[in-house]
Each structure stands twice: as structure tokens, then as C-alpha cells.
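Student: According to TrEMBL, the site 'Transition state stabilizer' annotation covers Arg16, Lys23. According to TrEMBL, the site 'Positions MEP for the nucleophilic attack' annotation covers Arg157, Lys213.
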Amino acid sequence: MEGNYAIIVAAGKGRRMKCKINKQFIDINYKPMLYYSVNAFCKHELIDGVVIVCSKNEIQYCKTEVVKKYKFTKVIDIVEGGDERQNSVLNGLNALKNYNCNIVLIHDGARPFVTHEIISDGIKYSKIYGACTCGVSVKDTIKIKDKKGFSFQTLDREKLFLVQTPQCFNYKLITNCHKKLLQEDVKVTDDTTVVEHYDNKVYLYDGSYNNIKITTPEDLDTANMIIKSLAR
Ligand code: CTP
Ligand code: MG
């Protein structure tokens, strides 16, 4: 039977967080940030296994402080990341090559508030369309700024969509596209761009405004507020 697997990338440097420890291991409500996303995927009944991608010198810490401590038995591997996010993702995809993987969900370890429904929908739509990502409509007006600091253009807000993770794919499709991209030396900031680069369609479905990426210190305050509101 072909299965659904998740890759959680946590091998970034967290430069914008300006914190001594990797942001993925900062506590939110007494548990490391990474715990929350790993927990969401592990407890989902349609997920068969989870691969975590970490910096080489944090693999052991991740194993003891997250995987063993919280008994995440669905974690099948913890692999080393690369210099760019796309290299980390490719290492995660390679770790799945001997599993019978049909659908792969690629998720940022810095996005702790992914929900059961977002994961279910990601599996559903990637089975239908081959590639999809969750996200939300943009609430603010977005402009393009010119080099001198002036507004160059105002974009049509109705058409804008703020992309989140998980981004979910047919495993063979995303793996082939990532491998080709590596040879072409093209830089991307997310995985849907990788399949789009080869003219594949990406379906956009509703994530949640709570599914934020923790990037800068103020996002930690927001995360602590979200967790309080969820506990209510
Ligand atoms: N990531 C990764 N490998 C990299 C770069 C990023 O696994 N070489 C992961 C991060 O750990 C994070 C996710 O990709 O969970 C989204 O990246 P981002 O928020 O940019 O995290 P960092 O790259 O760590 O932060 P910064 O850009 O501020 O340095
Ligand atoms: Mg980054």
C-alpha cells in the first residue's frame, strides 16, 4: 500500500530570530516549538511516517528532546539539512526513497499551529491535483516598492494569496522537479515554486490565520497568544 509521509524541515539558522538557540527548540508553553508540528503530523491517522530535517549538530538533541521525550513513534528518520531550504527538502525527499510514498507533505518546523483539517485537506487535494498548498487571503493592501522607497504599484488584493505550509505533492512529481532544479541552480523560497517552474498546476486551499511561521521575536509573542486562545 502506498502511503502519506510528512517532511518537517528544521535545519535553518533562524537568523531573523536573533536567538542563541535554534528557533525550533525555543519553548512555547513549556514545549519546544518543533514538538507542535511533529505532534500534529504524528497523531494524524492518515500519516504513515514523518522525517525531520535538522542541522547536523542538532540531530541528537532533536532525537532526545523531541522524538524520544514525547514518544513520537511515527518519526522514521532524522536527517541532516543543507545550506538552503531546498537542499534540506531534497535530503528529506531522499530519506523517503525506500518507502512506498505516494503523497508527501512538506512543512516548516517553524509553523507550530498546523491543524488536523489542514493536513487532511492537503492529502485530499494533492491526490486530486498532484500539488497543493494551504494559505490565506491577504488582509492588507500590498504594494511594490521601488528602489528609491516610493510606491511603484498597488496589487489587486482580491487576487493575492499568502502561502503557508504544508505544501503537499505526489512524491514522484516533487522529487523529480527538485532534482532537476538542483542541476539548473535556480533559487526558490518554497516548494510549490519548484513544480510551477516545470509548468505544473498548484491548487491553493484554505489554511488558517493561526498557521503562522515564527520568524522574528515578536512572532513568539503572537505564538504564545495563539496557544492560549487554542487552550480555551
Ligand atoms: N530551513 C531548513 N534548512 C535551511 C533553511 C531553512 O530546513 N537551510 C527551514 C527552517 O528551519 C524553517 C523553514 O525552513 O523551519 C522556513 O525557513 P525560515 O523561516 O526562513 O527559517 P530560517 O531560515 O531558519 O530563518 P532565517 O531565514 O531568519 O535565518
Ligand atoms: Mg530562511
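Backbone N, Cα and C atoms are what each Cβ position is placed from, and that goes for glycine too.
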Student: Looking only at Arg16, Lys23, Arg157, Lys213, which of these recorded sites has the biggest number of Cβ atoms within 10 Å around its Cβ?
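Tutor: The most densely surrounded of these recorded sites is Lys23.
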Student: About how far apart, in whole Å, are the alpha carbons (Cα) of Arg16 (site 'Transition state stabilizer') and Arg157 (site 'Positions MEP for the nucleophilic attack')?
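Tutor: Between the Cα atoms of Arg16 (site 'Transition state stabilizer') and Arg157 (site 'Positions MEP for the nucleophilic attack'), the distance comes to 27 Å.
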Student: How many whole Å apart are the CA atoms of Lys23 (site 'Transition state stabilizer') and Arg157 (site 'Positions MEP for the nucleophilic attack')?
Tutor: 31
Student: Between Arg157 (site 'Positions MEP for the nucleophilic attack') and Lys213 (site 'Positions MEP for the nucleophilic attack'), how many Å separate their Cα atoms?
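Tutor: That separation, Cα to Cα, works out to 21 Å.
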Student: Taking only the recorded sites Arg16, Arg157, Lys213, which have a CB closer than 6 angstroms to any atom that belongs to ligand 1?
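Tutor: Result: Arg16, Lys213.
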Student: Going by DSSP, is Lys213 (site 'Positions MEP for the nucleophilic attack') sitting in a helix, a strand, or coil?
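Tutor: Once the DSSP labels are grouped into three classes, Lys213 (site 'Positions MEP for the nucleophilic attack') ends up as coil.
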